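Participant: Here it is, the structure in full.
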């Protein structure tokens, strides 16, 4: 039965020694964000009023990474078991709220399963998430009498008969705050590990005549924990395949779903096609009929209808209107904006640059801190020299400007509409409308020139 309020406790104090890392285990990333952030997000989605994060190892790193002001930080100075961790959080529990216990290293738990668990919790009893395994070795076993859950016995404390049980405890449970505080106060560490087990409260509830309702998750991967990098990589692939399947069913054509990574949120139009080894990060919005070539990385971008990103291009924090073409091997850095029909070709880099309607930068150019009008042609090898060693400066180019190859525009500088800049020119002063600017050294011809001979 639901209480009107619910708080969540996330256990995240483990050292993660098997990760062989200076980073706390729960900060290792899955799909681009820390494992524990996945758990926090699931908790928030269930409508939790408070999230208590129990931490120990690497507290400063955790607080630096997890900046949500809604988190209540609870220190577990010594790691003496799950029951001990919950005892540290217990002073924050209200009597009339549900307390949901989660783990920072179980990143794929879904909000749907948590809602189901909460709805199944009996009045005065416990909702418990369990699964059945073909090989339950190492896990706490669910002990039943006449079908009812009466206790959990850890593997090291289990008898041979109990070790034959294949229903295991996932560690995720929910109980009323008042009841939970009472049970936590009665825990002891009389077991093989010398730890305080949260699982002992199951027997306490049963002894009081309270019902324990076992619920199963939709997928086994939801309750799989991470103790080493091999397990983390396995969950990463499970997660990515799930995201790929959702996109395929929603109409996105992934040419090889096994070679696609989504590390954020993707919204899309119809008939989107993505080739192999595409990585999508942050918040990305793709319009209708967008094509993404092999090996591209797209982060926090909006890409308009009928645009095409050719292979091995990297786009970050950029906005592209309809019918833009990018790459191959192009880079759009944060602040890049392309109007309809703009083209950025191979080995061209943009940073805080706006390219107007139909403008083109086809080859080997750097355009930084630039505002470029419509119908502009940027020749190969053009550079906006935006940095003077101390400060950045802006280049402004009007409409219908032709910039010849190997041009340097030394900012701050303005090139008015209709101007033409000859190849090899270094522009240091403003250019007026329809002017031709050329600063090359006059070409000389020397007949009969003898090359130097190499000395032996």
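Yeah, the Cβs are placed from backbone N, Cα and C, and that goes for glycine too.
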Participant: Out of 416, 419, 423, which is the one Swiss-Prot records at the acetyl-CoA site of 380, 386, 387, 405, 440?
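Facilitator: My reading of Swiss-Prot gives 423 as the candidate in that site.
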Participant: Go ahead and report the DSSP secondary structure tallies for the region 'Linker' (230-250): helix first, then strand, then coil.
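Facilitator: Breakdown, helix to coil: 20 helix, 0 strand, 1 coil.
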Participant: I'd like the Cβ neighbour count for residue 105 (Mg(2+) binding site), meaning other Cβ atoms within 10 Å of its Cβ, all protein chains included.
Facilitator: 23
Participant: Look up residue 387 (acetyl-CoA binding site) in the DSSP assignment and reduce it to helix, strand or coil.
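Facilitator: In the DSSP reduction, residue 387 (acetyl-CoA binding site) maps to strand.
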Participant: Within 10 Å of the Cβ of residue 387 (acetyl-CoA binding site), how many other Cβ atoms can be counted across all chains shown?
Facilitator: 12
Participant: Rank the binding-site residues 14, 81, 104 by the number of other Cβ atoms within 10 Å of each Cβ, and give the residue at the low end.
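Facilitator: Among the binding-site residues 14, 81, 104, the lowest count of other Cβ atoms within 10 Å belongs to 81.
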Participant: If you count Cβ atoms within 10 Å of each one, which of the binding-site residues 227, 377, 386, 405 comes out on top?
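Facilitator: Compared across 227, 377, 386, 405, the most Cβ atoms within 10 Å surround 386.
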